[in-house]
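Take a look at the structure below.
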């Protein structure tokens, strides 16, 4: 962790008060499983917290920066910024994958550069930073790493199929859209999910993805295309 701490200080001016918290953020579930450590020692709880912190900071930034955009447009932008591929790229740009503690099996399967793993790592780091130093530091970090891409309009044109589907269906009147994970397959380090999207109880489409978020987006995309099958 010393190399990571040095990198954080040099690149972002960050010095963690709680080194164990930082280590936990960079500990994958495959590592705790192989080492027979308590499940609470992996980064999943921190990921949960970081996801909320990230969404709040991005929402606040978009609201203040784009006063002319309506709620639907802001939601599309936020969704494109916090989607799996985007967060994985932010994690790569920070060089976080190098410091992730993985199980040997996960390492051999290419887990160090897996999109969902890097997404979760980025969110876990934000969660750890929030606990260690508060929301202001989380905001500063996001301003440094994420916001420059937003300013370049990198995410304005990215399609959020869930939002698009909702807008299409609302044209026809009253609608209640819901998503359900129908199936989970594969080992813990390489899961696949099948999601279905429903409108007023009627299934419209299914999608396959390496995360629940991706599977739901794919289901929405297939629903828009009128393809009621998994792809």
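We number each residue from 1, going along the chain as drawn.
Each residue, glycine too, has its Cβ placed from N, Cα and C.
These come from Swiss-Prot:
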{"type": "DOMAIN", "residues": "5-134", "note": "domain 'RNase III'"}
{"type": "BINDING", "residues": "47, 120, 123", "note": "Mg(2+) binding site"}
{"type": "ACT_SITE", "residues": "51", "note": "active site"}
{"type": "ACT_SITE", "residues": "123", "note": "active site"}
{"type": "DOMAIN", "residues": "160-229", "note": "domain 'DRBM'"}
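In this structure, the CA atom of residue 51 (active site) is 9 Å away from the CA atom of residue 120 (Mg(2+) binding site). Figure note: comparing Cβ neighbours within 10 Å for the recorded positions 47, 51, 123, the maximum is reached by 123. Cβ-based neighbour count (10 Å, all protein chains) for residue 120 (Mg(2+) binding site) stands at 28. For the domain 'RNase III' (5-134), the number of residues in each DSSP class (helix H, G, I; strand E, B; coil) is 99 helix, 2 strand, 29 coil. Residue counts for the domain 'DRBM' (160-229) under DSSP (helix as H, G, I; strand as E, B; rest coil) come to 27 helix, 25 strand, 18 coil. One way to see the shell of the Mg(2+) site is to take the Cβ centroid of 47, 120, 123; the remaining same-chain residues with a Cβ within 8 Å of it are 43, 44, 46, 48, 50, 51, 119, 121, 122, 124, 127.
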